[in-house]
Amino acid sequence: MLLLLVSVVAALALAAPAPRTQKKRMQVNQAPNVVLVASDSFDGRLTFQPGSQVVKLPFINFMRAHGTTFLNAYTNSPICCPSRAAMWSGLFTHLTESWNNFKGLDPNYTTWMDIMEKHGYQTQKFGKVDYTSGHHSISNRVEAWTRDVAFLLRQEGRPIINLIPDKNRRRVMTKDWQNTDKAIEWLRQVNYTKPFVLYLGLNLPHPYPSPSSGENFGSSTFHTSLYWLEKVAYDAIKIPKWLTLSQMHPVDFYSSYTKNCTGKFTENEIKNIRAFYYAMCAETDAMLGEIILALHKLDLLQKTIVIYTSDHGEMAMEHRQFYKMSMYEASVHVPLLMMGPGIKANLQVPSVVSLVDIYPTMLDIAGIALPPNLSGYSLLTLLSNASANEQAFKFHRPPWILSEFHGCNANASTYMLRTGQWKYIAYADGASVQPQLFDLSLDPDELTNIATEFPEITYSLDQKLRSIVNYPKVSASVHQYNKEQFIMWKQSVGQNYSNVIAHLRWHQDWQRDPRKYENAIQHWLTAHSSPLASSPTQSTSGSQPTLPQSTSG
């Protein structure tokens, strides 16, 4: 009975009139509260059919029923820090020069939360933020800086699973649960006479660290308990199709090799990795649920806009990879759901959107004028009354999104233009590495590159991409940045830099022939700068390269 009452109350509250219009800006004390929950590594395709059938996600389903789901939401860079830099700045990656997990925004950069605070909002952040420069391990930095070197070294542990055989163990990711508890306690203490904006960053469902003798543990363990694994429908798990190693795009082969995924995997191994990942997503959903339940108990749900998203997705063995760092759907397609006053219920939006849209949307919710030259666009015109505003939405924003990647585990800067049925992926200088073109309406698994089959479409999309970003120039800048940063680091550690590298994540491969790899680095350092992808010299195996119940426990 309680659940029915809660569902009815929430449904009525969430169908309330829009909190503002374009014609009249609200006073801050009339503005709604905002809660943004951002997880890590969550595949956005799990938030709608058919992906949502594989695992029970009751609170995401609640948001779907009482709010708006964006069916085609994308990260602007499929790796943690650059993606979050885009979300917090509202700018594309090449504009903030957030090239890798070490290089993000300046710590003093003015974010949307800073602006909302200046306009009277109470603000608070808990958990993983990760949008500023200077973080992550030495391994992560050196791997990104040396991706242009002509060698091939495994940088990650082979993906594995680890099960806690306890049907009652709900709190597996302890740190995330602790941050969720802190966020809820803050909600209990906040001054309700003023609007607030709360951010909760979760590390789940990012894979866990794996045992390693290197400087930094690789994060290749999919870890959960029997409690969460029972939320997964094993029969619904799809085993992804793989191209042979010789058929793979050269950048994909490099990524698969550095991620230690070119070896043999049984179908059972692949299915278990995917099942454990989905179980980790279920635990993530439960933390989102604790926030929603707390808002309800505090009589704040009908006054608060709740947003859920993620920095990027998770490959989970699609295209013979785990992690992200790729432009395939599993890596770049993120969840984006919103519910609250003025947001249409049970709406699915097919338009392409991306994380740079968070910045202008947050300010628009608060009735704050948007700064000029943002890369993103507010989503509110579409959310308040989709049928009336969809055409205006399309008129005011372009029908494409941009994603780019410049970090480790890929040996070329990568650029994705997503528009309509098409996904176009360009690399490096646009000439040295073959592009990719996928028709997602016919090839949702992205197994057939039709770039050469449809040269006119490929050319048109490439020209559009170049009108958005001069990607050959950006690639050259990243190449030069990588070289300069590596030289500075090499000088800082002295003549024994090879011994330092020998104890990073790629230590096992490096120690087999350190002289060979030192020579490759020296050749790279003395060669003329070029954004071209490297040609690995190491031989490899294979050819080429109602509100649900709480689950907090």
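Placed from the backbone N, Cα and C atoms, the Cβ positions cover glycine too.
Between Asn373, Asn385, Swiss-Prot assigns N-linked glycosylation site to Asn373; no such entry appears for the others, which is not proof they lack it. Binding site for Ca(2+) per Swiss-Prot: Asp40, Asp311, His312, plus Cys80 from the candidate set Cys80, Cys81. In sequence order, Ser41, Thr75, Pro78, Ile79, Ser83, Arg84, Asp130, His206, Ser310, Lys324 are the residues of the same chain, not among Asp40, Cys80, Asp311, His312, whose CB sits within 8 A of the CB centroid for the Ca(2+) site. For His249 (substrate binding site), the nearest neighbour among the listed recorded positions (Cys80, Asn260, Asn373, Asn411, Asn496), judged by C-alpha distance, is Asn411. Lys128 (substrate binding site) has Asp40 nearby among the recorded positions Asp40, Asn108, Asn373, Asn411, Asn496, counting only those with a Cα within 10 angstroms of its own Cα.
A 10 Å cutoff on Cβ-Cβ distances gives Lys128 (substrate binding site) a total of 22 other Cβ atoms nearby, all chains included. Most Cβ neighbours within 10 Å, among the binding-site residues Asp40, Asp311: Asp311 holds that distinction in the structure as shown.
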